[in-house]
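Straight from Swiss-Prot, the features:
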- ASP82: active site, proton donor (ACT_SITE)
- HIS83, HIS180, HIS208: Zn(2+) binding site (BINDING)
- GLY181, GLY209, ALA210, SER211, ASN230, VAL231, ALA232, THR233: dihydroxyacetone phosphate binding site (BINDING)
Amino acid sequence: MFIISGRTMLKKAQQEGYAVPAFNIHNLETLQVVVETAAELRSPLIVAGTPGTFSYAGVGNIVAIAAELAKSWNHPLAVHLDHHEKLADIKMKVAAGVRSVMIDGSHFPFADNIALVKSVVDYCHRYDVSVEAELGRLGGQEDDLIVDGKDALYTHPEQAREFVEKTGIDSLAIAIGTAHGLYTAEPKLDFERLTEIRQRVDVPLVLHGASGLPTRDITRAISLGICKVNVATELKIAFSGALKNYLTQHAEASDPRHYMIPAKAAMKEVVRKVIADCGCDGKL
């Protein structure tokens, strides 16, 4: 089996003090880049897709391509549902072969968030599917969901303890000052809050909104208990920027086999840097 649950890889990261990168992908080329690079560096790997990505590319297509790439590189990986909100949607994608999910009920009141997450955990654990959930809200935009900065909420440490105990989740995404998208100013992460959460919660902790974070912040967050680091926007910008630049310089270009090469190369450099920041090269 080359498509696996994220549970074991995150537990290993927690025990050994590194983080597993979760790279948001969209199509064949972006999947090729992350699997190839992770395999070359022997890094554990999670490939993530939002509901919009799965609608665009097709869940069956993503799972099939990921499985074939994982097999050809002899590199097990997790295909992960990022920021999914509906149990019925998750059930359909689990049936299609996904083994790692994030249920996002962070926009609901605390009790309703618990109830939704618990229903997903009860279903997914029957099929050895790992479940991540979010407590607190990140600002910025993820897919079609936009959260204004004033509506972002940090994770409360004591609520985190109760949330994990009542839901039975495998990992917890927390809000400590990161945001989706690129930062207009350097973020100030609440490392004290992260420490307090880690003291109360024994499951692996997840950091969303890592695109553009300084290496020192990622390294410190990992040292304080972060076990999974999500990167999306930085990958898209590298890929699309190189593609636009190539087409600007080669107006006659019409062959995707040519103009995708620099786009993939630019994205690969970001993937390599994130793996280095996570300290997970050679950890597969």
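Here the Cβ of each residue, glycine as well, is placed from N, Cα and C on the backbone.
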Residue with minimal Cβ packing [other Cβ atoms within 10 Å] among the binding-site residues HIS83, HIS208: HIS83
CB contacts for GLY209 (dihydroxyacetone phosphate binding site) [other CB atoms within 10 A, all chains]: 26
THR233 (dihydroxyacetone phosphate binding site): secondary structure state under DSSP, collapsed to three categories: helix
In the chain carrying VAL231 (dihydroxyacetone phosphate binding site), residues 6 or more apart in sequence that have Cβ under 8 angstroms from it: PRO21, ALA22, PHE23, ASN24, ALA210, SER211, VAL270, VAL274
Rounded distance in angstrom between the Cα atoms of ALA232 (dihydroxyacetone phosphate binding site) and HIS208 (Zn(2+) binding site): 9
Residue among recorded positions ASP82, HIS83, HIS208 with Cα closest to the Cα of THR233 (dihydroxyacetone phosphate binding site): HIS208
Other CB atoms within 10 A, centred on ASP82 (active site, proton donor): 27
